[in-house]
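Asks: Okay, so TrEMBL annotates it like this:
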- K23, S24, R28, S145, S146, Q147, S173, D292, K319: 3-phosphoshikimate binding site (BINDING)
- K23, G70, R99, Q147, R323, R366, K390: phosphoenolpyruvate binding site (BINDING)
- 62-399: domain 'Enolpyruvate transferase' (DOMAIN)
- D292: active site, proton acceptor (ACT_SITE)
Amino acid sequence: MKLYLSAPENKTLNSAIKITGSKSESNRLLLLQALYPNIKIENLSNSDDAIVMQKGIKVSKGEVDIHHAGTAMRFLTTYFSCQDGKEVVLTGSKRMTERPIGVLVDALKSLGADITYLENSGYPPLHIKGKKITTNKVSLPANISSQYISSLVLTAPSLDNGLELELVGKITSVPYIKMTLALLTQIGVENSFEGNTIKVAPKKSVSNTTLVVESDWSSASYFYSIVAMSAVGTEITLSAYKKDSLQGDSVLADIYTDFGVETTFLDAKVVLKKITDKETQEITKDLSNAPDIAQTIAVTVFGLGLGCHLTGLHTLKIKETDRLEALKTELTKLGASITVTDKTLTIKPTTKINKDIAIDTYNDHRMGMAFAPLALKTNLFINDAGVVSKSYPDFWTDLKLLKFGVKEA
Ligand SMILES: O=C(O)C1=C[C@@H](OP(=O)(O)O)[C@@H](O)[C@H](O)C1
Ligand SMILES: C=C(OP(=O)(O)O)C(=O)O
């Protein structure tokens, strides 16, 4: 599906949007629910990634296809490795077979897991024969993906002896690890994270507990970008959010003050308001704790004619696509002056934005959603716009609620 996007006729959009549950929280809770069936989940994400997780975790024998879902791939690798009697082939999309998993597989093998690579060493698909794991100390590099760590931590309380992890090197995407540990705390699992050591105590069962997933902050980023590019006075209300979030991407509330957006928390809602068009001209940010909002920020900066130097982007090359190259290619088509390295992105201020450009999405939901707000500045096409369903299936419908022109081309 190719879409043609244009700005709403009334430039001051005031509207309320309810965003689906966080895919990160949802996939963690689905894993914990499989280990502890007394857990009930509310406001579960309706994303493709949560659907493949729900389906995959029920399989005992045969193939589990998690498509593009990194969290499902990583979280289920540990889960199945520790399920005595289950035997699966864990696979995904072509891109998933290019996303590394060797660090996690090596860690699991050192614990005694039975995992074999079916194609390339270090990459999915994996053949996993579940075993009872009793060894409880493991060490692994922490600078490539925090999902390997979250994966081990999530299954850890179900192991007879719990688990102690030693994290080697600079720890990346730290808030996601803290989210995992906070959810364990919420279900009564003792844990600690001090220095580079994580300890998780074993737990046999959990009493009836209902956990409510907060809505997705990464999805909220696209509305921050829309408000940033709108007239002073524009307001959008998003639900259901809280000030005390487990999601690291809630740092958006701080970051977008540089773009003139004020955030107010009201009950379970968050109100975004454009309060000034005197934006910070050059922004410098280290996004190693919030990699998923890098695309949104880069597009906001370009749309506002500002400059930026973003660092801490070393994980972007192994996500749904090489996001640094994809941003460079697509922003250049629009007229940006952009340079990237393997971990940084720099944009120089420009005033002109090319019209009617077709943005390629590279099977990456965030490429479609991050570029959409630019319709406030110029008309544009989004190729393969269905990609958004990976995390936010209702994105285009919600954009229509804001009166954007969203037409099949
Ligand atoms: O644990 C999680 O839910 C996630 C961790 C991050 O990945 P990395 O740790 O690989 O950066 C993030 O990019 C991804 O969208 C979700
Ligand atoms: C990187 C992402 O997801 P995952 O790694 O879970 O596929 C994302 O949603 O931006």
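Placed from the backbone N, Cα and C atoms, the Cβ positions cover glycine too.
Keep in mind that what you see is a predicted model, and the values were worked out from it rather than measured.
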Asks: Taking R28, K319, K390 as the binding-site residues to compare, which has the smallest set of other Cβ atoms within 10 Å?
Replies: K319
Asks: Quick one: which of the binding-site residues (R28, R99, S146, S173, R323) have their CB closer than 6 Å to ligand 2?
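Replies: Cβ under 6 Å from ligand 2: none.
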Asks: Cβ under 6 Å from ligand 1: which of the recorded positions R28, R99, S173, D292, K390 qualify?
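Replies: Listed by sequence, the hits are S173, D292.
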Asks: Around the C-beta of R366 (phosphoenolpyruvate binding site), how many further C-beta atoms are within 10 angstroms, looking at every protein chain?
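Replies: Excluding its own Cβ, the number within 10 Å is 30.
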Asks: Can you check how the pLDDT averages out over the domain 'Enolpyruvate transferase' (62-399)?
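Replies: Summing pLDDT over the domain 'Enolpyruvate transferase' (62-399) and dividing by its length gives 98.
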Asks: Could you state, as a whole number of Å, the largest distance between Cα atoms of any two of K23, S24, R28, S145, S146, Q147, S173, D292, K319, the listed 3-phosphoshikimate binders?
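Replies: If we measure all Cα pairs in K23, S24, R28, S145, S146, Q147, S173, D292, K319, the largest is 19 Å.
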Asks: At a 10 Å cut-off from the C-beta of K23 (3-phosphoshikimate binding site), count the other C-beta atoms across all protein chains.
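Replies: Taking all protein chains shown, K23 (3-phosphoshikimate binding site) has 28 Cβ neighbours within 10 Å.
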Asks: Restricting to the same chain and to sequence separations of six or more, state which residues have a Cβ under 8 Å from that of G70 (phosphoenolpyruvate binding site).
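Replies: Expected: M96, R99, S145, Q147, K319, E320.
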